[in-house]
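Have a look at the structure below, then the notes.
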């Protein structure tokens, strides 16, 4: 998964809640005060940035569609996230957000591939066959499968302890653990 991407343009698509930040059980991260980094996530993004030509956050935010928060609230959270990472030299190349409630039949809500395919269309230098989706839920892994069906290939990495039923190409306890494994495969020490 690591060596074959060296020297190529490709994208690492990351879920947000449950991968980068702590998920609010039974609710949504509605504002920056509720955003809580998962341990090691910011360091992991720095390490992954050295490997991945593009990093894009892909997230369902149905709290917008339910009227519990606005699209501006989500943008403010992402702006703060971006500013914190930028202070450490880390750039997120994009945030692809589905604001629709699950009852709506949009093409962008994960596991549908609309958000990823839209980003890939707008970035033709990125090789779709080398894309990787990283997430903590079955819908994230299904997203990778759906992107593969549309684009020809897409690897999946599961974060967290929930069983994927063997659907993921790789599984790690945290984004940090994934980043360390990538670093080791790239010959990094520490």
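The backbone N, Cα and C atoms fix where each Cβ goes, glycine too.
The Mg(2+) site recorded in Swiss-Prot includes 15, 17, and the single candidate from 118, 125, 136 that the record places there is 136. The subset of recorded positions (15, 17, 59, 136) lying with their Cα within 10 Å of the Cα of residue 100 (Zn(2+) binding site) is empty, i.e. none. DSSP assigns residue 100 (Zn(2+) binding site) to coil, not to a helix or a strand. Closest in space to residue 108 (Zn(2+) binding site), of the recorded positions given as 15, 17, 59, 136, is 59, taking the CA atom of each residue. Within 8 Å of the centroid of the Cβ atoms of 15, 17, 136, where the record puts Mg(2+), the same chain has further Cβ atoms from 16, 18, 19, 20, 23, 59, 135, 137, 140, 159.
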